[in-house]
Amino acid sequence: MKSTKFGKIKSASSWNEKENSVTPEGVFNDRRNIIKALGLGAIGASIPGHVQAGLFDLFGEKKAVDPFVTQVLDFTKNSAFGLKETLTPMQKVITHNNFYEFGTSKTDPVDNAQGFKVDPWVLKIEGLVDNPLTLDLDDLTKLFALEERIYRLRCVEAWSMVVPWVGFSLASLLKKAGVKSSATHVAFETLFDPDQMPGQKSRLMGGGIHYPYIEGLRLDEAMNDLSFMAVGLYGKTLPAQNGAPIRLVVPWKYGFKSIKSIVRIRVMDKQPPTSWNQLAANEYGFYANVNPEVDHPRWSQATERRIGEGGIFSATRIATKPFNGYGEQVAHLYKGMDLSRFY
Ligand SMILES: Nc1nc2c(c(=O)[nH]1)N[C@H]1C(S)=C(S)[C@@H](COP(=O)(O)O)O[C@H]1N2
Ligand SMILES: [Mo]
């Protein structure tokens, strides 16, 4: 077990370690977040050090059992996006990750992303829009009413989860920016900060991706009601390893489209290049719609491992559904397209 700012987390590399206390950066961030969560804001910044330490101690108990010491979000549950399936336990959602900026193994992100700084954050919405936007960290949770949506997440590696995200629709953000009529596509870019993201320093550790990580959608896909900007999960702000402070979630596409820690959204009039497609175009297409009938060149996509209860590698194998079960909402977007060619 390992103590992090998200609580006691079991990760492969720390199985043999005995409990250790949070890192100095973790303590610092926790204290700032607690002060923020209490609404003390600027007052918190001017509280003398020993008082802050006391405030922090007050939460010591909770910290041990609660995996997030970050902000609790205000949101409403959107029942239109509920699911009958069992939620993936939160400990799995926040410890089994793909975030190659922090390393390529599933536990690298939780091990290496602690202390990741999201404040200050700048997200720009630019390109073919009438009102380019520059949002700061506060804007991300305050500009739009937040809602919770439960979505399936299906990775191209044939595992899946069911996650309660908190956020707002991508369409509402694009509408605020005012998309020009000449626009056809939307591109997304992750933070580039090799000092914080060790995978961006080394080709090997970063999985060969040419950073910054970039992704894209066709404009009609981006405007579809399902396309979601997540700022939280399980009711609280996103842990770094899940893409803090803001990430895309496109539930009918393979997980690699759901780009994390976004700093730029650019509305364009052509299809943007995308990271995984640039790395291996024969394996990862621009569309990347979940499709049990189109196999990856190296494995079948007919079934998936639903990450669930039990040990860290345990899971049940289930059939993969076309468009990850969201065909009713999105199949019309691809009418007449050969989906084995546009994979
Ligand atoms: N910037 C960035 N975004 C990313 C990735 C990444 O490596 N870097 N991995 C993707 C992949 S392959 C998947 S499956 C999902 C995983 O999201 P999760 O870790 O929150 O489950 O994030 C996606 N977004
Ligand atoms: Mo993935």
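Glycine is treated like the rest: Cβ placed from N, Cα and C.
Annotated features, as they stand in TrEMBL:
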BINDING   Asn97, Tyr100, Glu101, Cys155, Thr190, Asn242, Arg247, Ser258, Ile259, Lys260  Mo-molybdopterin binding site
DOMAIN    117-276  domain 'Oxidoreductase molybdopterin-binding'
REGION    1-23  region 'Disordered'
- Query: What is the one among the binding-site residues Asn97, Glu101, Thr190, Arg247 whose Cβ has the most other Cβ atoms less than or equal to 10 Å away?
  - Reply: Glu101
- Listed in sequence order, residues with CB under 8 A of Ile259 (Mo-molybdopterin binding site) and six or more positions away: Phe188, Glu189, Thr190, Tyr213, Ile214, Glu215, Gly243, Arg247, Leu248
- Item | DSSP three-state assignment (helix, strand or coil) for Thr190 (Mo-molybdopterin binding site) | strand
- Specify the secondary structure state of Ile259 (Mo-molybdopterin binding site) as given by DSSP, simplified to three classes. coil
- Query: What is the maximum Cα to Cα distance, in Å and rounded to a whole number, among the residues Asn97, Tyr100, Glu101, Cys155, Thr190, Asn242, Arg247, Ser258, Ile259, Lys260 annotated as binding Mo-molybdopterin?
  - Reply: 18
- Per DSSP, Asn97 (Mo-molybdopterin binding site) is which: helix, strand or coil? coil
